Amino acid sequence: MQASMDVSPLNKGRESTVWGVSLMLGYLGFDGFTSTFQDKLFKGYEMEIHNQIFYTTMCSCVISLSGLILQNHLLPAVDFMVRHPDCFYDVLILSTVATASQFFISYTIRTFGALTFATIMTTRQLVSILLSCVWFVHPLSWMQWVGAAIVFGALYAKTFSRNKTQKAMVASSSPQGSVPNAANS
């Protein structure tokens, strides 16, 4: 996106609810697919974290570069960086933090699974919403509170029911006569 464009929500051509809903559904679908598929790759192929991050990053680079070229935004982006060299350090910091976060994300998915990762990310979103409401005084309507309660409640209910199911399976598969540990009681 060019820095000189009007990005206000009232800008002409940005009022399409259908387009907005389509973008949200695409985001949610791809986001839900990504961590689940990463979990499947880790379990099915004994893939290392570094390999997965490398291939994911290479695909992202190809897609991003293709988008910049096809939309004729590559040269304006390079020109912007040349005209504003102080921006380079911000881009470098953002890229470094994004790369580091990929290691944490991949480690969490590999070690604890996609559902635990989704719970962590949803908790992060909940904290972000609450901080935005308090810190920046962004009030939520009652419909937004209801929507947030439904989304967060459903995810946490699924997580807790999964944990109970796993504990029950572990308890039923333990041999008779063994001493139960605190996790199963």
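Don't overthink the numbers, they just go from 1 along the chain as shown.
A Cβ is built for glycine as well, from the same backbone N, Cα and C atoms used for every other residue.
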Matching range for TrEMBL feature annotation, transmembrane segment, among 16-33, 34-51: 16-33
Intrachain neighbours beyond the transmembrane segment (16-33), with Cβ under 8 angstroms and 6 or more residues off its ends: 118
